[in-house]
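The feature transmembrane segment is assigned by TrEMBL to B:12-38, B:68-93, B:105-125, B:153-177, B:207-227, B:259-280. According to TrEMBL, the domain 'ABC transmembrane type-1' annotation covers B:68-280.
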Amino acid sequence: MFKKKWTTLMLTLCLAIIAAGCGNNANNGGADTNGAANGGSNESGNKVTVNFMHLWPEGVSAGQNKIVNQIIEAYQTDNPNVTIKQEVLDNEQYKNKLKVLSASNQLPDVGVTWAAGFMQPYVEGNLFTPVDDLLSGELNGKFVAGTTEAYAMNGKTYALPLEFNIAPVYYNKAIFEQYGLEVPQTYEQFKTVVKTLTDNGVAPIALGNKDRWTGSLWYMYLADRIAGQETLAKAITGEASFTDAGLVKAAEEVQALVDGNAFVKGFNGLSNEEAKSEFLNGKAAMFLMGTWELPNFTTNEDIPQEFRDSVGFFKFPTVDGGKGNIDSWVGGPGVGLFVSENSEVKEEAKKFVEYFVTKWGEQSVTGAGVIPATKVDTATLELPQLYIDLFNEMNKASSITLFADVQMKADAAETHLNQIQALFGKAATPDLFAGEHDKAISAGK
Amino acid sequence: MNKVMSNKKIIALYVLPALLLILAVVYIPIILTGYYGLTKWNGIGSPDYIGFDNYAALLKDTAFWNSAWHSLLLALFSGLSLILYLAIAMVLASKIKGANLFRKIYLIPMLLSSVAIAQLWLRIYHPTNGILNSLLESIGFDNPPAWLAEPKLVLFALFIPILWQYAGFYILIYYAALKNIPASLEEAAKIDGANALQIAWKIKLPLAMEVIKVTIVLAVVGSLKYFDLIYVMTNGGPNGASEVMASYMYSEAFKSYDFGYGSAVGFFLLVFCLVATWLIRKLTATKDTIQYS
């Protein structure tokens, strides 16, 4: 009997402890929001906490992570009443969390967003606040032309861009030299390069098409070179049809490349990371990717110096009889910073964003080796040649077409990406590919 | 103790925390999902009620029926693989040498997380560096397939790790069920001249039937709502060739930003699982209960 009594008592005790634990948490949460609310109404003096959610975890983006921490530390030293609370997630998880938080209306005060189609539902849901006042302030004229526009909707700008990217074809100079290959200027030459490499048993192109947007880059470039930038841009926005002869031809060329074994084996089942490692290991000769990969080819000490020295790039070659310009690029602003419309500390958050964008522009060039969306004076900085070359290319670009999956609305983007995979896997004919695109884009969601 | 437990208030007190928890994280979300399935909602802002439009679209959605077919295939495959598990469990339960060690070997995959298993098998299946293709090449296959990139192969390539992942779990259950059969029955059969096969078929199998029925339900429902390994290994691709219902639900809700439609898929999945459970119970129902004596 005595024992049983003890069991009952212990059980009750357990319950009490659990209940107490829950209670405590709830209290803490309450205190936090109180603090934030006070900070919002009282500009100076009071403690303010700005929640900042970003996607540069230390393990994946060491360079960016370090810069973020430096900037935050400096900002907190300058503004002792402000605490910046970070939350860091990896890319895909970040997108999911942002989605979930927005559904319950609990977005962080400051966060990272992508341009155009990605941020549209957030803007329409009144979750992001316009940041035009920042653009006309200290940051006036600091951005590279065409970067902030991608974040504008209905005449207002809803986020400030941090990065700017274009996508060149990186190639392994050592492999090219071994087989006596020249950098191709035209698509015919490019096909010869591919043929020589396959004949010698080297995989010509690293492509991880499980991620789908990777294959989209190839299609976009072929479409741009054959049908011309305007046709492609119009088709993406729905003003023109994907059944345009040039655009269908581009899809045919994609399949011709697949037939010629231009891409690594099993590319439709490989992730971009896996494909990248084929290139980094010298197993594949070429890799079409954004300039955000630059650190891996220039300053990243984890990658052998010998390999980094042997990486070059070339512009996607022109197609004979095509309407494309060799200086036309696929790319665009990467991520930008938004301020939440429902933030209790909107003013403080905006100030932080302004500070962050400025400092990011100064530090990300040397610290992370990425290209910021703000103007940079490369002459005064010591930078890797590859970086400078690409930077200059970007400045003389005739046009930069924003990544199709970022530009399109969510549902159309999903169709586009699936169709890309189907096209590369030869599960869809070029005509079907074009038709599905038109259907999805005209559906308008 | 008896006195305490007969007090209704005390019972309520003890049941309440778990009940509240299960209500909050299981039943209320199910009801909400049912409601969202009737709306047009992109996850932001407020849902618009549109009646059964989502379900009407669902019935015509070939991509969805494709994924449902894949889920059914997986369920069928899982059901069949139970036979294999049962056979292994029978061998282990008979007194063979090293049964204990084998049991542990089979159990190990169960201790790994799905993501770890997926990463492991991604490397095994790697088209050029993978152990599987290297092996095939070394024994003379010239051009082994890229397992996860071939639309015709990918689903079956995914079944293998799933088979491997759940082996330990089911073998353990069967092992326990078989060990539970009194040895005296087996001895009596032996004295009557039954061979090993007859003992397995006529004695062990009928006596383990109740457990087998439960495992069939577990395997079928588990496969119908299967998600994690497929999500990590192929993400439903290439072009939906390995999409199952749960991954389709996920991509509709989180990638196409169509939470209303995604919820409809989810609710349909729930109904599907309930019907499957009911059907299996119905089909495997027996009137007489077996008694060990």
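Any Cβ shown, glycine's included, is placed from N, Cα and C.
Any TrEMBL annotation is an automated prediction that lacks curation.
Residues of the same chain lying 6 or more positions beyond the ends of the transmembrane segment (B:153-177) and with a Cβ under 8 Å from any Cβ of it are 70, 73-74, 77-78, 81-82, 84-86, 88-90, 92-93, 103, 106-112, 114, 117-118, 120-121, 125, 145, 147, 208, 211-212, 215, 219, 222-223, 226, 229-230, 233-234, 237-238, 241-242. For the transmembrane segment (B:259-280), the partner stretch with the highest count of Cβ pairs under 8 angstroms, out of B:12-38, B:68-93, B:105-125, is B:12-38.
Note on the transmembrane segment (B:207-227): residues 71-72, 74-75, 77-79, 81-82, 86, 162, 166, 170, 173-174, 177-178, 181, 185, 244-247, 250, 269, 272-273, 276-277, 280-281, 284, 286, 290, 292 of its chain, located 6 or more positions outside it, place their CB under 8 angstroms from a CB of the stretch.
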